[in-house]
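**Q** Take a look at this one; I'll ask things after.
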Amino acid sequence: MPDNASAQQPGQPAQGPNEHYHQPLNQPRALRIGVAGPVGTGKSSILATLCRELAGELSMAVVTNDIYTDEDARFLRSAGVLPTERIRAVETGACPHTAIRDDVSANLDAVEDLEEAYGPLDLVLIESGGDNLTATFSPALADAQLFSIDVAGGGDVARKGGPGITGADLLVINKTDLAPHVEVDVTAMVADAERARDGLPVLALSKHDPESIARLADWVRAVLVRHRSGTHVPTDPGPMAPHSHSHDGS
């Protein structure tokens, strides 16, 4: 923060210990897209793909979430998809959904720090730590949500439902190039997903298929156009199902 950031300005409320940076009202805030999905479904690969496709035309940054490590951030930095300083890691220390839905302050701090340091930004991608089929972002953190499943998880995954599958702005069925090896019918899997999503978009994606990558990038561009025009309204896919985790090794 600038040296004078803590000084109270006339007409501003007193600033407490949890002070946040906010984009000036006359500057558009970056579009924030959350990327969620179970462990191993290719979320980091999706982020890397989007950075490669869009960084030449948009000013971008990335925030990753892991429980105890910065593994995803290190993967993206090593891939060279963005300047390393534009990739921030949040170590949640708790269940992945906590930091993207229940208490988003750590992620908001990371996003706002990036906007202050490198703004104005066009796009910030926020990757959730791997969780289950019900993980979703709070609309207070993400303007739009992409949920990733993959063919290696089984051809019936989309039929299992959950708010991420049924209500995210975009459902990605990832790693379609692996379908022959795991005996999954991608066409049937897409059809199941479309039935579950009642008209919301579904994208079959492979990092080896330029056409599917182009469709993914075009989806982001379309959301950004709506965001800039003020016509995009963040929606909440719904809360996670009641559940519990044990992190004490018992």
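Each residue, glycine too, has its Cβ placed from N, Cα and C.
What Swiss-Prot shows for this protein is this:
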type     : residues                               : note
REGION   : 1-24                                   : region 'Disordered'
COMPBIAS : 7-17                                   : compositional bias 'Low complexity'
BINDING  : G37, P38, V39, G40, T41, G42, K43, S44 : GTP binding site
REGION   : 230-250                                : region 'Disordered'
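So where do these features actually land, and what's packed around them?
**A** In sequence order, S148, D150, N174, K175, K207 constitute the residues six or more apart from G42 (GTP binding site) in its chain with CB-CB distances below 8 Å.
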**Q** Once G37, P38, V39, G40, T41, G42, K43, S44 are set aside, which residues in the chain still have Cβ within 8 Å of the Cβ centroid of the GTP site?
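**A** For the GTP site the neighbour list reads G130, S148, D150, N174.
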**Q** Look up G42 (GTP binding site) in the DSSP assignment and report helix, strand or coil.
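**A** Reduced to three states, the DSSP call for G42 (GTP binding site) is coil.
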**Q** Counting other Cβ atoms within 10 Å, pick out the least crowded of the binding-site residues G37, P38, G40.
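**A** If we count Cβ atoms within 10 Å for the binding-site residues G37, P38, G40, the smallest count is at G40.
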**Q** Can you tell which of T41, S44 has the least company, meaning the fewest other C-beta atoms within 10 angstroms of its C-beta, among these binding-site residues?
**A** S44
